[in-house]
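Asks: Residues annotated as active site in Swiss-Prot: 8, 67, 139. According to Swiss-Prot, the Mg(2+) 1 binding site annotation covers 8, 139, on the basis of sequence analysis. Annotation source Swiss-Prot lists Mg(2+) 2 binding site at 67, citing sequence analysis.
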């Protein structure tokens, strides 16, 4: 049984989602958003770090996954988003958690089946996959999507590793 913390970083709103993996089943544990104040960026980064550190203490995850960001609306936004990701990653590494990163396309593909899915489609599929009574808030749904993507990716790697040394007809497969 593994507990995965997924994070959708943002300098104003950082979503988080926690799932527990029992066998091949993913079970919802918790989710929400860290909403930073309108203070200067260094204080917002500290709020992200402190908020995720508390979530890590509360849920005791085994693994940490975060969305990798490739582009933003402008250079300033991209820099702030990168710094928010850094604050989140430092919170994870301070707790000795392994960190995995996934692109938005990978996450959407794992959750919806297409890398071009809309936010509402991700919310709907997260609700269905985790058997939630209602669709989670967009940032929390994205974070849960990161956790689900990490689960599926790690399961695929485990399956591949298990077959890596299987000999079939005199060749490795």
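Every residue gets a Cβ built from N, Cα and C, even glycine.
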Asks: Give me the count of other Cβ atoms within 10 A of the Cβ belonging to residue 67 (active site).
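Replies: Here the count is 25.
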Asks: Cα-Cα, whole number of Å: residue 67 (active site) versus residue 8 (active site)?
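Replies: With the alpha carbons as reference points, the distance is 6 Å.
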Asks: Write out the long-range same-chain contacts of residue 139 (Mg(2+) 1 binding site), meaning residues 6 or more apart in sequence whose Cβ is under 8 Å from its Cβ.
Replies: 8, 10, 13, 14, 15, 33
